[in-house]
């Protein structure tokens with residue numbers, strides 16, 4: 001009898017899933033469904049984890065990540081260009097606020113978008129964010145004053161990219177369980193490809209056709225990428241009856257989840273410092289600006305490799321067993337970075353830091369899927385990303401202020417490296433608590 005009931009419930013869920021995929025133009029799933037059937041589906045781990053539709057989803061998430069996180073992570077080349085030309089009257093810490101707001105808003109919208117995703121609203125936020133991303137990039141070409149760049153490149157680009165990213169993370173949670181690590185790894189690897197391509201495009205085109213037309217070319221690249229992403233991106237499960245509004249404060253009664261959020265905040269206080277300032281430090285140590293900017297692309301390219309490897313290892317082993325040691329390496333290299341004063345040593349730092357930090361960036365949300373119910377994954381990941389955003393927005397300006405006060409990069413490296421190391425300690429405390437409380441959901 002139990003076997004028969006299970007088969008019946010599973011068939012019901014499949015039917016619901018097929019219907020849910022055909023969302024209405026409003027972006028809200030209107031399908032009526034049986035909550036018991038949905039529960040049975042998630043309990044039985046009824047995730048596709050492959051097949052044509054799931055592969056298409058991966059392709060579309062990769063296009064989204066390329067155009068959003070890839071563009072935002074190219075900030076380092078803009079930081080250097082603005083310091084030397086358009087915003088040369090402003091100190092590095094002030095300029096860094098533009099990039100920091102971008103970094104923060106990659107995560108901040110998750111607290112709202114995650115909840116909207118859980119209750120069925122996906123298409124409209126995704127499409128509107130795609131449009132905002134393209135329009136804002138065209139507007140950057142017309143910017144002449146600091147507040148113009150802060151509004152268009154900081155707030156508008158950050159908000160658009162964050163909304164898209166929050167939707168994409170939820171989509172992966174719907175379609176993958178056993179292969180979730182490699183799915184996240186491929187998505188974030190595409191972000192690294194974008195982070196490698198955009199700095200090279202920006203640096204070379206600015207010299208050839210000027211800054212305004214460079215931004216217009218980038219905008220057309222974004223139109224192409226986000227156009228593909230919007231074609232058939234679909235959620236799989238029916239909307240959840242998520243009580244409690246945008247925030248699920250009950251999640252914070254789970255000590256492992258709370259400490260994990262704290263670890264992400266601490267990590268992002270330091271994780272973007274090297275990426276933001278490595279080309280600046282190279283120029284300060286006498287490397288030609290035409291060569292120094294390639295360090296950003298090297299970091300991002302090797303980060304892509306690190307993200308793919310992390311995804312494979314996260315599925316094969318426990319996620320933290322791999323990206324924990326990699327994060328330790330990232331912290332150690334952050335300590336060493338200010339003392340790399342030749343081009344060869346800077347390239348070594350860029351390669352090792354990119355590979356190791358990529359493991360953390362691609363994997364830090366994987367444990368969040370295991371620290372609660374899948375029906376609440378949108379809100380939970382959204383809250384985690386929003387907390388991480390405060391670290392991302394504060395980290396680079398704090399580093400810039402430390403540089404201004406200390407007059408060198410050494411103190412900046414000590415600060416950022418220590419933040420990353422503290423995050424590692426918190427991660428392993430969470431692992432220990434999870435082993436005691438729910439050993440079946442270890443990560």
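Glycine is no exception: its Cβ is also placed from the backbone N, Cα and C atoms.
According to TrEMBL, the features are:
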TRANSMEM  54-75  transmembrane segment
TRANSMEM  95-117  transmembrane segment
TRANSMEM  124-141  transmembrane segment
TRANSMEM  147-175  transmembrane segment
TRANSMEM  182-201  transmembrane segment
TRANSMEM  213-233  transmembrane segment
DOMAIN    256-443  domain 'Major facilitator superfamily (MFS) profile'
TRANSMEM  257-279  transmembrane segment
TRANSMEM  291-310  transmembrane segment
TRANSMEM  322-340  transmembrane segment
TRANSMEM  346-366  transmembrane segment
TRANSMEM  387-406  transmembrane segment
TRANSMEM  412-430  transmembrane segment
Intrachain residues whose Cβ lies under 8 Å of the transmembrane segment (147-175), provided they are six or more past its termini: 47-49, 53-54, 57, 61, 64-65, 67-69, 71-72, 78, 82, 86-87, 97-110, 113-114, 117-118, 122, 125-126, 128-130, 132-133, 135-137, 139-140, 183-184, 187, 226, 229, 233-237, 365, 369, 374, 377-378, 381-382, 385, 389
Stretch in 124-141, 182-201, 322-340, 387-406, 412-430 most in contact with the transmembrane segment (213-233), if contact is a CB pair under 8 A: 124-141
For the domain 'Major facilitator superfamily (MFS) profile' (256-443), mean pLDDT (0 to 100): 86
Segment-segment contact (the transmembrane segment (257-279); the transmembrane segment (124-141)) at 3 or more Cβ pairs under 8 Å: no
Beyond the flanks of the transmembrane segment (182-201) by 6 or more, those residues with Cβ under 8 Å of it: 58, 61-71, 73-74, 76-77, 168, 172, 175-176, 214, 217-218, 221, 293-294, 296-297, 299-301, 303-305, 307-312, 314-315, 354, 358, 361-363, 365-366
Considering the transmembrane segment (387-406), which listed stretch of 95-117, 124-141, 291-310, 322-340, 412-430 counts the most C-beta pairs under 8 Å: 95-117
